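> Okay, so Swiss-Prot annotates it like this:
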- 44-49, Arg121, Ser129, Tyr184, 218-223, 247-249: 3'-phosphoadenylyl sulfate binding site (BINDING)
- Trp72, Trp77: substrate binding site (BINDING)
- His99: active site, proton acceptor (ACT_SITE)
Amino acid sequence: MSDNTLWFEGIRFPMVGFSPELLREVRDKFLVKDEDTITVTYPKSGTNWLIEIVCLILSKGDPKWVQSVPIWDRSPWIETQHGNELMKSQKDPRIYTSHLPLHLFPKSFFSSKAKVIYCIRNPRDVLVSGYYFTSKMKIAEKPETLQQYMKWFLQGNVIYGSWFEHVRDWLSMREKENFLVLSYEELIKDTRSIVEKICQFLGKRLKPEEIDLVLKYSSFKFMKENEMSNYSLLPNDLTTEGFTFLRKGVVGDWKHHFTVAQAEEFDKIYQEKMAGYPPKLFPWEEC
């Protein structure tokens, strides 16, 4: 990969919107407050769907907020220059987002009562989604083929580093009462029950009809049509022609892309990297 990206503490980041100074400041000086709600994911794991759901839970299903304020302003990415600047004027209780690996996350979180919702997704689907995303965004070197991107992904040589390390490290927090682990697959399979679980975790009591509205306005159909959530407002200098942020929103798309040899190569490394974890932690292993 070419050096149109930056390295910080062994992790690759885009050059646009990031800096080593800011990443260091976020880790060492960003103050996490007890009342904060933080959505954390590895990229392409359902981040924006999760943000939309949380925003709609907080508004009790009223779509005005999600239809009038861009998603990156409603729940800013704290490690980006834009998001970090926005955080200075965020009113309590705050919600914000991060893709940061655990070792680069704000140190103040670990002594706080802030609530983190961590969403994981089948890394095979993450890989395919990341391939299409990287191919259409001007933030990193474009892979020539899926095979090339798979090589980068398995080496952890992609934006935000290794999926395996990211998930392993964050899952070490899973027994904490202020930490909720969800999966993209569970969200697809039974959205209502997962929304109810998030409500319970956040201490929000919604009426059934309010949950109906959360489900309606966070659906793939509504998000794809909502310019505040579909990233159509991104500046043209960041995207290439044909860019679509919300591409499919399905489970198992990797099966239409991997060859048998690629699937076997991925499985071998996956089994090595994720050995020792109970399979029930990963719903895709039961599919």
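Positions of Cβ are set from backbone N, Cα and C atoms, glycine also.
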> Measuring Cα to Cα, how many angstrom lie between Lys44 (3'-phosphoadenylyl sulfate binding site) and Trp77 (substrate binding site)?
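Just about 14 Å between their Cα atoms.
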> By a 10 A CB contact count over all chains shown, which of the binding-site residues listed here is most packed: Thr47, Ser218?
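Max Cβ neighbours within 10 Å, all protein chains included: Ser218.
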> Checking your reading of the structure: which of the binding-site residues Trp72, Trp77, Arg121, Lys221 lie inside a 10 Å Cα sphere centred on the residue listed as 'active site, proton acceptor'?
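The binding-site residues passing the 10 Å Cα test are Trp77.
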> Near Arg121 (3'-phosphoadenylyl sulfate binding site), which residues of its chain come within a Cβ-Cβ distance under 8 Å, counting only those 6 or more away in sequence?
Thr41, Tyr42, Lys44, Ser45, Gly46, Ser183, Tyr184, Glu185, Trp284
> Of all the binding-site residues given, namely Thr47, Ser218, Lys221, which is spatially nearest to Trp72 (substrate binding site) at the Cα level?
Thr47
> What residues, ordered by sequence, lie under 8 A Cβ-to-Cβ from Lys221 (3'-phosphoadenylyl sulfate binding site) and sit at least six positions away in the same chain?
none
> To see if you understand the setup: which same-chain residues, six or more apart in sequence, place their Cβ under 8 Å from that of Trp77 (substrate binding site)?
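Same-chain residues close to Trp77 (substrate binding site) (Cβ under 8 Å, separated by 6 or more) are Gly83, Tyr96, Thr97, Ser98, His99.
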> Hey, what's the Cβ neighbour count for Trp72 (substrate binding site) at 10 Å?
20
> Tell me, by DSSP, whether Trp72 (substrate binding site) is helix, strand or coil?
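For Trp72 (substrate binding site) - judged by DSSP and reduced to three states - the answer is helix.
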> For a quick check of packing: other C-beta atoms within 10 Å of the C-beta of Lys44 (3'-phosphoadenylyl sulfate binding site), how many?
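I count 25 other Cβ atoms within 10 Å of it.
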